[in-house]
Structures are given as structure tokens and as C-alpha cells.
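Straight from Swiss-Prot, the features:
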type	residues	note
TOPO_DOM	1-33	topological domain 'Cytoplasmic'
TRANSMEM	34-54	transmembrane segment
TOPO_DOM	55-125	topological domain 'Lumenal, vesicle'
CARBOHYD	N89	N-linked glycosylation site
CARBOHYD	N96	N-linked glycosylation site
TRANSMEM	126-146	transmembrane segment
TOPO_DOM	147-152	topological domain 'Cytoplasmic'
TRANSMEM	153-173	transmembrane segment
TOPO_DOM	174-182	topological domain 'Lumenal, vesicle'
TRANSMEM	183-203	transmembrane segment
SITE	D193	site 'Important for transporter activity'
TOPO_DOM	204-213	topological domain 'Cytoplasmic'
TRANSMEM	214-234	transmembrane segment
TOPO_DOM	235-242	topological domain 'Lumenal, vesicle'
TRANSMEM	243-263	transmembrane segment
TOPO_DOM	264-289	topological domain 'Cytoplasmic'
TRANSMEM	290-310	transmembrane segment
TOPO_DOM	311-325	topological domain 'Lumenal, vesicle'
TRANSMEM	326-346	transmembrane segment
TOPO_DOM	347-356	topological domain 'Cytoplasmic'
TRANSMEM	357-377	transmembrane segment
TOPO_DOM	378-388	topological domain 'Lumenal, vesicle'
TRANSMEM	389-409	transmembrane segment
SITE	D398	site 'Important for transporter activity'
TOPO_DOM	410-422	topological domain 'Cytoplasmic'
TRANSMEM	423-443	transmembrane segment
TOPO_DOM	444-447	topological domain 'Lumenal, vesicle'
TRANSMEM	448-468	transmembrane segment
TOPO_DOM	469-530	topological domain 'Cytoplasmic'
REGION	471-530	region 'Mediates interaction with SEC14L1'
REGION	504-530	region 'Disordered'
Amino acid sequence: MEPTAPTGQARAAATKLSEAVGAALQEPQRQRRLVLVIVCVALLLDNMLYMVIVPIVPDYIAHMRGGSEGPTLVSEVWEPTLPPPTLANASAYLANTSASPTAAGSARSILRPRYPTESEDVKIGVLFASKAILQLLVNPLSGPFIDRMSYDVPLLIGLGVMFASTVMFAFAEDYATLFAARSLQGLGSAFADTSGIAMIADKYPEEPERSRALGVALAFISFGSLVAPPFGGILYEFAGKRVPFLVLAAVSLFDALLLLAVAKPFSAAARARANLPVGTPIHRLMLDPYIAVVAGALTTCNIPLAFLEPTIATWMKHTMAASEWEMGMVWLPAFVPHVLGVYLTVRLAARYPHLQWLYGALGLAVIGVSSCVVPACRSFAPLVVSLCGLCFGIALVDTALLPTLAFLVDVRHVSVYGSVYAIADISYSVAYALGPIVAGHIVHSLGFEQLSLGMGLANLLYAPVLLLLRNVGLLTRSRSERDVLLDEPPQGLYDAVRLREVQGKDGGEPCSPPGPFDGCEDDYNYYSRS
């Protein structure tokens, strides 16, 4: 009996520790921060998986053609070689790299470069676009699903699908499996990205906390895109193809387990929390003119980045005889102005929240000017400055308009955010689905200069459209159905809705300050007539 006493004490101590940790995890403020960490890790993983294949797939597909597996190592033989990738950008690898790379070799073991053929370039472009294409197709379904199921279960589903996709990448031996894994990642992203951003908007309902939290999420997205290519390239060369994907799979699994511990999505309390009001249907949100303006801005501002990534390397080689390291480094400095743009917009939004539309319009103008300047650059340094301006403008637009979407849902619809952020994800996916496939054809038929000028002009022309959002900050926040049901007797809800509608029709006071798209029937929650 004596040995059981220490065992019992250990169990009691473990139980107390578990209860203490559980209580700490359930403390509202701490739980909100943990949820932000979980979502940021999920977004980081998604973007790392999106970009980690940049240095791996072209060489791997070329090795499939050659009949060998993994990177070819050459010992004690000097050969011109591509340096390890150092940036979050697919251009240096997606473009046709048939010209000889600049030699900076050594006599040590190095990764022998294998350049994709023209048909393999098409395969690589389709592979990169497949993720965004499937994401584009699934988002109209994932948004309403998130509205109905709350945010934690779809986020868990997304992390699980991303885990499966990453494992498939690790063990893929042919192009079909790579394509299936890439497409599966798009399915996971449609759930994880949308539910994650929606969860942040739900957990941080007030400004400036909401803008700050969404800004942190955007910084993690940018960092994931930056760190993934060198992470993948170094591990691929020294540890093999499977290792970078298995590391990402392990982090994805850990994030899912942390979500289970913090949110407890299958508990009775979680099911009670999931009893949300019925969200506005996604097709009705798409018809909301304010939301349509924001979605158009998100698509327009991301088109230059999505179209320049797969084309700028070839243009640099032909225009300025750029070396491989220059093509690899050209996007790296842009991370700093992107984070600076996020920080600046968050600080400005905290002091002047009614000017979010202006920050977005300035961002579009900066993107437009930067895109138009790119073809005029004839050396490396001016090109870096132009691309830094491009990413700075994208940060302004994203950081200003993502919180605006949540605010529009709060004041014009029901405060359920799955569908509206599915629309935002659709906006991004349109650009990144077209970029890897269409950009090269436009360059071949019209030229790189015309492509850049066209994208810049589109952003400059769209900037004044955001003037239509200038009165959004003056709208009165509506009370959600959940709040009404808590504060009002059930029999009075219908009467309150009818009274408000009658006042509007009889020429009573308007529901909110007038705007170009305003009507009283739109300023009250759509659920009253669903």
C-alpha cells in the first residue's frame, strides 16, 4: 500500500495543476489573446505552406523528369548553381530560367540546378494557382457554414485539412499527388483563413483593438510568406524534401491541439456559444454596395503582387541582366515597409477611425504609382524601392479595409462574420488564381510594361471609388439579434422591428447618416426580414 501514496499525491498534484491551467485558459482576457495566437499561427502556417514549395517544386519536378529523387548533390566539383532562396516570392523559380546562372560556386557539396522545361513551367503555374482556384470555389460554401457552426469548429477543420495536405506534400512522388495536395490546401485555407479572421473580429468587437488584432494577423501572413522559401530551400538541400513539410505538419497539429484546449469546440459551453443569430446570406452581403466596394478594392490592390511575382524575374534578366541572387532578393526588403504600413494604419485608425476609407484610398494610389514606376527601373536599387512602395500600399489597404468589413456587418447586417470574410478571401483568391496562369500570357502578348501600367492605372482609377465609404464611420452600430433577445422581452422584438420600419417609411428620423447607398431598410439588420 505504501507505493500507492506517492502515486495518489502525484495524481492529486497533476489534477490541481490541470485545473489551474484550465482555469487560466478560460479567463476571458487571456483566452482572447490565446485565440489570437492560434489564429496567427494558422495564418502563418497557411502562407508558409503556400510559399515553401517555391524553391522545392521546380527542382523536384525536374528531378522527376530525370528519374532521380531529391536534390542532386555534387561533391568536390565546381558547377554554377542557384543560391538558396531568400525571399517570399515565386518569381525566380516560376519564371523560365533557361539562361545560365551567375556562378559563385565552391568546391563543397552543392545543389545542382535543374531548370524546368517550357511544359514544366506550365505545370508549375497550374500547381501554384490550384490552391487559390479551389479556395475561390469553396469560400461561397465555407462562409455560410462558419456562420452556422461558429468559428472554432471550422478553424479546427481547416487545420486538420492543412495537416493532411502537408503530409501529402511530404510523401508525394508524382505531379498528380502534388496537385492533389496543393488543391487540398486550398480547401483547408477556405475554412482556416476565413474562420480565423472572423474569430478575431468576433473576439475584438471594439476599435481600436479590432484593427490592432487584425494588423497582427496581417503581419504574421507577411512573415510566413517571407520566411518560407529560405526555410524550405535550406531544409530541402540538407535534409531532403520531406523534412520541411513534416515540420509544418507538426506545427499544424500542435496548433489544432492548442485550439482544442483553449476553445473546447465540442463542449456543452461551446455549443451554447455557437447559438448565434442567423447571419445574413452571403449573396445578400455581396449585393451590399459598401461591401462590394471593399471587396473590389481588396482584389484590385492584390493584382499587381499576384501578377508581378511570376513575371518579374524574366523581365529583370532581360532588362538589367540581373543575377540569380538579385532576383531572389528583390522582394526581401519589402517586408519592412509592409509591417510599417500595418503599424502606421493601426495607429492612425486608433486616432481617426472614421478615415479608414482614406487610408485605403492612399494605399491604392501608392500601389498604382509604384506599379507604373516598375517598368522604368533599369537597375536593382530603384526596383527594390518600387516594390517596397507596392507592399506598403497593400498593407494600407488591407489593414484599413478588413476591419471596415466587420464594421459594415455590425451596422448594416447581423454581427456574424463568416460570410463577409469569405467574401474577402474570394477577393484575394481571384488575384492569386489568375496571376500564375494569366500573367505570363499577358507579358508575351502585350509586354511587361503594358501589364504594369495597366495594373497601376486600375489601382489609381479605383482609389476615388473609396470616397463612397466616407460616411461609413458615421453609421450607428446596430444591435445584433443576440443582444436584442437578451435585453428585450420576446414579444416586443417584432413590434420594435415593425416600429422602426414604419418610422422610416413615414418620414421619421433616418436610421443613420445618409450616404450614397443608404436606405433605412438597409441600415437595420437584414435578419428582421429574413
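Yeah, the Cβs are placed from backbone N, Cα and C, and that goes for glycine too.
Sequence-distant contacts (6 or more apart, same chain, Cβ under 8 Å) of D398 (site 'Important for transporter activity') comprise L218, L298, C301, V342. Applying an 8 A CB threshold to same-chain residues 6+ apart, the list for D193 (site 'Important for transporter activity') reads A42, L43, D46, Q135, G158, D425.
Contacts between the transmembrane segment (126-146) and the transmembrane segment (243-263): absent, as fewer than 3 C-beta pairs lie under 8 angstroms at sequence separation of six or more. Here the topological domain 'Lumenal, vesicle' (378-388) has Cβ contacts under 8 Å with residues 308, 316, 319-320, 322, 326, 330-331, 333-334, 336-337, 370-371 of the same chain, all six or more residues outside its ends. Of the Cβ pairs linking the transmembrane segment (423-443) with the transmembrane segment (183-203) and spaced 6 or more residues apart, 3 or more are under 8 Å, so the two regions touch. Residues 38-39, 42, 45-46, 49, 53, 142, 145-146, 180-182, 184-185, 187-196, 199, 241-242, 245-246, 248-249, 252-253, 255-256, 259-260, 265-266, 274, 418 of the same chain lie 6+ residues outside the transmembrane segment (153-173) yet bring a C-beta within less than 8 angstroms of a C-beta in it. Listed stretches 34-54, 183-203, 243-263, 389-409 were compared with the transmembrane segment (357-377); the greatest number of C-beta pairs under 8 angstroms is found for 389-409. Under 8 Å from some Cβ of the transmembrane segment (183-203) lie the Cβ atoms of residues 32, 35-36, 38-39, 42-43, 46, 49-50, 130-135, 138-139, 142-143, 145-146, 151-152, 154-155, 157-162, 164-166, 168, 210, 213-214, 217, 402-403, 406, 415, 417-418, 420-422, 424-425, all in the same chain and six or more residues away from its ends. Applying DSSP to the topological domain 'Cytoplasmic' (347-356) sorts its residues as follows: 9 helix, 0 strand, 1 coil.
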